[in-house]
Structures are given as C-alpha cells and as structure tokens.
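What Swiss-Prot says about this one:
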- 4-69: domain 'J' (DOMAIN)
- 135-213: zinc finger (ZN_FING)
- 148-155: repeat 'CXXCXGXG motif' (REPEAT)
- Cys148, Cys151, Cys201, Cys204: Zn(2+) 1 binding site (BINDING)
- 165-172: repeat 'CXXCXGXG motif' (REPEAT)
- Cys165, Cys168, Cys187, Cys190: Zn(2+) 2 binding site (BINDING)
- 187-194: repeat 'CXXCXGXG motif' (REPEAT)
- 201-208: repeat 'CXXCXGXG motif' (REPEAT)
Amino acid sequence: MKKDYYEILGLSKGASKDEIKKAYRKIAIKYHPDRNQGNEEAASIFKEATQAYEVLIDDNKKAKYDRFGHSAFEGGGFEGFSGGFSGFSDIFEDFGDIFDSFFTGNKGQERNRKHARGEDLGYNIEISLENAYFGYKNNINITRQILCHSCLGKKSEKGTSPSICNMCNGSGRVVQGGGFFRVTTTCSKCYGEGKTISNPCKSCKGKGRITNQETIQLNIPSGIDNNQQIKMKGKGNVNPDNQEYGDLYVKILIRSHKIFKRNGKDLYAMLPISFTQAALGKEVRIKTIASKEIKIQIPKGIENEEQIIVKGAGMPILQTEKFGNLILITKIKTPKNLNSNAIKLFENLSKELRDGDEIDLLKV
C-alpha cells in the first residue's frame, strides 16, 4: 500500500504551497543522495518525498489526489502518474540555492577551493597586564604549510605533467544512478581536479606544499585587551593551486594581576587605609600599573568600599593617546594588637563620640 503523500512530507491535508515547499526542503537537505552516498534508505526517502512534492505542489495534480488519492494517477509513467514524469528538473527550480551544488557536482565548491586562500591559523599567547599596558614584542614559533620549493605547487616531479583522470575523463565529476534519478558528484579519484599525479613530487609527496617551522616577530600594541586577536597577513597555510596564503590570528590572553583588575580601559584596585585615615582624611602615595608614584587624597569620613577615581591612571586606549581611569576601592583596616596607650586613646575617643551599648539597625 502506497504511503499518503501528506504523511510523507509530515503535513496535514490542506497544507499551503509554502508549507509544502518548506517540508520538502527540510527532507531533501537531510536525505539527498549526494550527502548520503551508498545509503539506499536515504535514497528511498528522498525519492518518496520528491514524488509527493511533484504532486502536491501542482494545483491540478493536488486537486485530483485530494479527491481520488493514488488511484487518480494509476497507469501513468511516474509511479503511476497519468501525466508522467516530464518535469523532474522543474521540481528543483525553487530550490536552486540548495541543489545547485548537488546537481552540478559541487562545481562551485571546486571553483572556490581552487581560488581560495590557504587555511588561516590560530595561535594563543599569554602576556602580563604590564605587557598589555606598555606594548610587547616577542618572537613566536609557528608550524605552517608553505609552497613546495621543488615543484612550486605543481605537485609533480620536475619534467613531468599530470595525467587526465581516467574515472571522470578530465571533467572532475561523475554521474551516479540511472533513469530520471541521476546525481552528479565530485570525482572520488581526482577530487574534482580532472587530473591525477602519476609521478608525484618527492619533496611534498604530491601535495604541492610542505611543513615548515619558522620564527616570526609579534608586535603587541599598547592597550590590547584580553581575548583580542592580532591578524598577521599571509602567515597562514598556502593553497598550492593558486599560491595564496591564509592569515595567522594570534589570540592575546592576559594573566590575572595580583593587585589590579581590568575592566576595559579602567583598572580597579583595593586601597587599604587605616581607621584614622578614613576618619580624618589624608594625602597618600601609591604606585600605578606603570610603576609611577602618584599622590591621592583620601576624603574625610570615607566609608568602607567607597570609590576614589584617579583619572588617566588606567589602561591605554588602543590606537589612541587616551587612558582609562584607576578606580580605588577603600578597605578600612580595623586595628588589632593594640598597646595600652592605644587602648586608652580609643576608649577616650569612644566616650567622646558617645558610643552606647545599644545599636539601632535602621540607622545603618
């Protein structure tokens, strides 16, 4: 018994054309033979979906099917269709973006591969916050694929030439299947090149490129942030087909600092101050990330975890002459291990301030 066409596409009767197209598109992408080579079950599902789509997308055929079911097409050429299967290729006109690569043997992919640059490479380097502040120069060692010095990317030994592929006769593509169900794919022997290397270059083993280890200088600019990347043009792998090199992307990882915490252009640090400094205020000296000594004023009566902003003492802003701020967060230290004189002073201060033994929690 033949399956219901709506059921094959996962639709209910009365589905719109857009719904039919979307349902077929989803199945076709998943089960197309070019993506499931050698998988007979996938080919069968794709064939069923195509038959269902061919009927349900056509208003006349759909009307007949809705009224009479499969019997409306008994005796026809395509699985019993009265109209035959004259327009198989027309089915895919609305899906050119998907099926162009399937039905042209991935010509677009072959063309892109031959004209694309070589692969990009990635490299991670860890630096200190001071390195990020001042900028940093360092040599890094990389391994990449460069053009073979012997064959210059031609892949054959000197004095020899590639041979025409005998599987695809130089087209780079082969046709699979028969009758209406034919799919063109990339030749598995020459990988779409249309030619094979009968006498491969001994230096690169017919690949057209060789592995090379080299040392290059990396210039890290002042103000760079964590996880930012530096692009080094042409320092990736080579594509031997066109001798174009990819790029190297160096990712910057900044180590945590024991004093300063970074947030973009600004730096944060704890500022430990005494009880008296907090109460009376005081001018103090501190060192910045640049090891520069500066003076700051602690305001009278400052509370714990309040901020003091030092403008221009933060990180350099990348590719500018501007700087962020240094934000100091106060941490008031409670005195411990007091001697007798200090104890008397605090007792007198407590009396002067009229510290009682009752605390109102609402006055925090």
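Here the Cβ of each residue, glycine as well, is placed from N, Cα and C on the backbone.
Here Cys201 (Zn(2+) 1 binding site) is positioned 22 angstrom away from Cys187 (Zn(2+) 2 binding site), judged by their C-alpha atoms. DSSP assignment over the repeat 'CXXCXGXG motif' (165-172) gives 0 helix, 0 strand, 8 coil. Residue pair Cys168 (Zn(2+) 2 binding site) / Cys201 (Zn(2+) 1 binding site) shows a Cα separation of 23 Å. Secondary structure at Cys190 (Zn(2+) 2 binding site), as computed by DSSP, is coil. For the recorded Zn(2+) 1 site, residues Cys148, Cys151, Cys201, Cys204 set the reference point as the centre of their Cβ atoms, and the other residues of that chain within 8 Å of it by Cβ are His149, Ser150, Leu152, Gly153, Lys154, Lys155, Ser156, Pro200, Lys202, Ser203, Lys205, Gly206, Lys207, Gly208, Arg209, Ile210, Pro240. Packing around Cys148 (Zn(2+) 1 binding site) is summarised by its Cβ count: 22 other Cβ atoms lie within 10 angstroms of its Cβ, all protein chains included.
In sequence order, Cys165, Met167, Cys168, Gly172, Thr196 constitute the residues six or more apart from Cys190 (Zn(2+) 2 binding site) in its chain with CB-CB distances below 8 Å.
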